[in-house]
Amino acid sequence: MITKQSSNESFDVIVVGGGHAGCEAALTSARLGLNTALFTLNLDRIAWQPCNPAVGGPAKSQLVHEVDALGGIIGKLADLTALQKRVLNASRGPAVRALRAQTDKRSYAHEMLKILQNTPNLKIREAMVTGLEVEHYPNQIDQKTPEIQERIGFIKGIKTYFGSVFHAKAVVLTTGTFLGGRIWIGNQSMSAGRAGEQASEGLTEELKKLGFTTDRLKTGTPARVDRRTIDLDSLDEQLSDASDKFFSFDPLSWKSGEQMSCHITRTTKQTHQLIKNNLHLTPIYGGFIDSKGPRYCPSIEDKIVRFADKDSHQIFLEPEGRDTPEMYVQGFSTGLPENLQLELLRTLPGLQNCVMLRPAYAVEYDYIPATQLEATLETKRISGLYSAGQLNGTTGYEEAAAQGLVAGLNAARLVNNKEGIIFERESSYIGTMIDDLVTKDLKEPYRVLTSRSEYRLILRGDNADRRLTPLGYQLGLIDERRWKIFNAKQQLINQEKERLEKERIKESDKSAKEIYSSTGTPIKGSLTLANFLRRTNIHYKDLITFNLTTQSIPLDVEEGVEIDIKYSGYLERQKAQINQLKQQSKKLLPKNLNYNNIETLSKEAREKLTISQPKSLGHAAQLPGVSKADLTALLVWLKIEKMKKVKRKDSLQITN
């Protein structure tokens with residue numbers, strides 16, 4: 001609450017938390033010229049990767065590409081510190097292909113700290129933020145009912161554990177797992193945001209006083225083992241296959257160090273039996289905690305209970321850095337007591353003599369259900385207060401980084417008296433994620449997935465720059481150098497597409513005979529190079545093989561050209577669907593409509609629509625509890641009502 005204490009320092013924007021969301025938020029604000037401060041509990045753990053030291057994966061890599069296309073940092077650092085890179089879903093379509101990098105966690109954190117320390121307009125402070133300075137609007141001071149969503153005041157700054165006050169015009173909260181954090185190993189627990197680091201006190205209570213609803217979520221991390229005690233020669237080796245691919249669109253960031261291998265082992269009957277015998281000792285199955293954990297990153301005991309018919313589960317052994325023997329045991333997080341964890345690890349082939357350096361643990365923490373936020377990530381109750389990352393109920397460095405960029409951008413725009421930027425779900429995975437967060441009543445940690453987007457063929461990683469870099473340039477997030485690089489790339493793509501649509505292969509050409517000899521498919525008459533590229537199992541590299549190119553072009557240009565041509569029909573169809581949806585969202589809904597009379601709506605949708613009385617289908621789509629099926633039902637209802645009006649009008653004319 002507002003205090004009479006004088007401020008130690010004043011800033012335009014304060015970011016609370018130095019994780020992946022906080023770093024992106026602070027950098028974005030500072031690069032837009034705002035006097036920005038980043039407050040963190042531990043300067044030595046900036047942008048730490050407390051769980052898997054990896055960036056990317058399905059849908060997550062698309063997020064990283066999008067953040068980079070908007071001038072963010074996560075993609076550049078992932079490229080710089082990558083130990084291994086692989087393309088996932090390589091044999092599938094471009095909508096679901098993903099780049100994943102195993103990163104050097106210490107190097108990643110070190111490089112991020114260097115960037116923060118050398119960014120103009122940005123200051124870093126080590127302190128525990130325990131309170132918020134808020135000035136209430138008149139007659140709003142006692143309005144603390146979460147159901148009432150109108151603003152009750154505006155942010156004035158923050159207060160630290162030792163009583164210092166720092167004023168700001170906007171505050172971004174990115175507290176990760178530190179609010180009320182408690183780590184669990186078996187039935188034993190201690191207050192901590194993560195292993196070896198204290199939890200944050202006071203801020204949850206402060207948010208509750210301001211009328212925010214909070215809840216608890218859980219996540220976990222597996223044990224770390226000593227690489228030198230693993231029989232790696234007995235295990236399947238997983239090599240890098242994408243050292244020439246990058247998250248960033250900036251060629252200055254295209255650096256690849258020596259690649260390191262990962263290894264694969266599997267659980268055994270002994271593994272499963274040991275877990276079954278001791279399930280009652282884990283925090284969840286023992287009933288010590290009941291917070292929901294991430295569905296798509298389950299503990300090993302969850303896997304064995306959920307998939308009881310499976311005899312074995314794949315486990316990956318991944319390096320944590322070039323200068324450490326620690327190996328991350330991916331897919332093997334557990335809540336078992338520490339004295340059983342080593343026994344469990346030693347049931348895995350290759351790990352019979354392993355040494356456990358750090359035990360696995362679960363962490364339980366407070367979060368704010370994101371339905372209390374606008375799509376700009378500003379809270380609905382307090383003007384100028386923003387929230388990003390795990391505090392909003394998400395899981396993952398990539399999700400956090402994307403939210404941090406959005407929150408930092410909009411906090412800066414608020415200070416500059418500019419309208420907030422909303423990322424639409426049809427324009428980006430950033431928009432898809434935020435739309436899901438602020439409109440759906442989520443009860444478990446949210447992870448971005450390709451299946452969450454209706455427009456995933458358009459929202460690919462390779463075209464994130466085409467979708468978002470013009471916006472980034474317009475907003476001041478992309479500098480002139482990057483803008484020139486972007487335009488040069490687009491020009492190359494367009495020129496090559498035009499060439500392929502014009503130039504033809506004739507049946508009598510030497511290249512046509514070579515194609516028939518190599519593929520068994522003849523060229524009949526003549527064929528444009530674009531139509532040749534549209535053939536199944538033909539790729540741009542085949543144009544090079546058959547001497548059908550006129551110049552050497554970069555790999556990212558080749559990829560853009562191939563996808564644009566090969567999937568042109570699908571892409572046009574999806575663009576048409578998006579345009580149709582935009583038109584539909586503008587359709588107005590009648591005032592004081594009795595939604596209870598529309599039987600095709602779900603019960604929850606009727607309740608929410610009756611209370612809210614949205615002006616249009618677009619507004620209805622933003623309400624929590626209103627599904628896509630409900631929107632379709634409303635659209636059908638509007639069409640039927642329109643037809644009824646036409647019939648009534650016709651009947652009146654006939655009568656007259």
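In case you wondered, yes, glycine gets a Cβ from its N, Cα and C as well.
Among GLN390, GLN474, GLN490, GLN491, the residue that Swiss-Prot places alongside GLY17, GLY18, GLY19, HIS20, ALA21, GLY22, VAL129, SER200 at the FAD binding site is GLN390. Contacts of VAL305 (NAD(+) binding site) defined by a Cβ separation under 8 A and a same-chain sequence distance of 6+ are given as LEU279, TYR285, in order along the sequence. If you count neighbouring Cβ atoms within 10 Å for each of the binding-site residues ALA21, VAL129, CYS297, the highest count belongs to ALA21. Counting every protein chain shown, 11 other Cβ atoms lie within 10 Å of the Cβ of PHE307 (NAD(+) binding site). Sequence-distant neighbours of GLN390 (FAD binding site) (same chain, 6+ residues apart, CB-CB distance under 8 A): GLY19, ALA21, THR175, GLY176, THR177, LEU217, TYR365, TYR367, ALA400, PRO445.
Neighbour counts of Cβ atoms within 10 Å were compared for the binding-site residues ARG295, LYS303, and the top value is held by LYS303. Among the binding-site residues listed here, namely GLY293, ARG295, CYS297, SER299, GLY293 has its C-alpha nearest to that of VAL129 (FAD binding site). Separation of the C-alpha atoms of LYS303 (NAD(+) binding site) and GLY17 (FAD binding site): 32 Å, rounded to the nearest whole number. Rounded to a whole number, the C-alpha distance linking GLY293 (NAD(+) binding site) with GLY17 (FAD binding site) is 22 angstrom.
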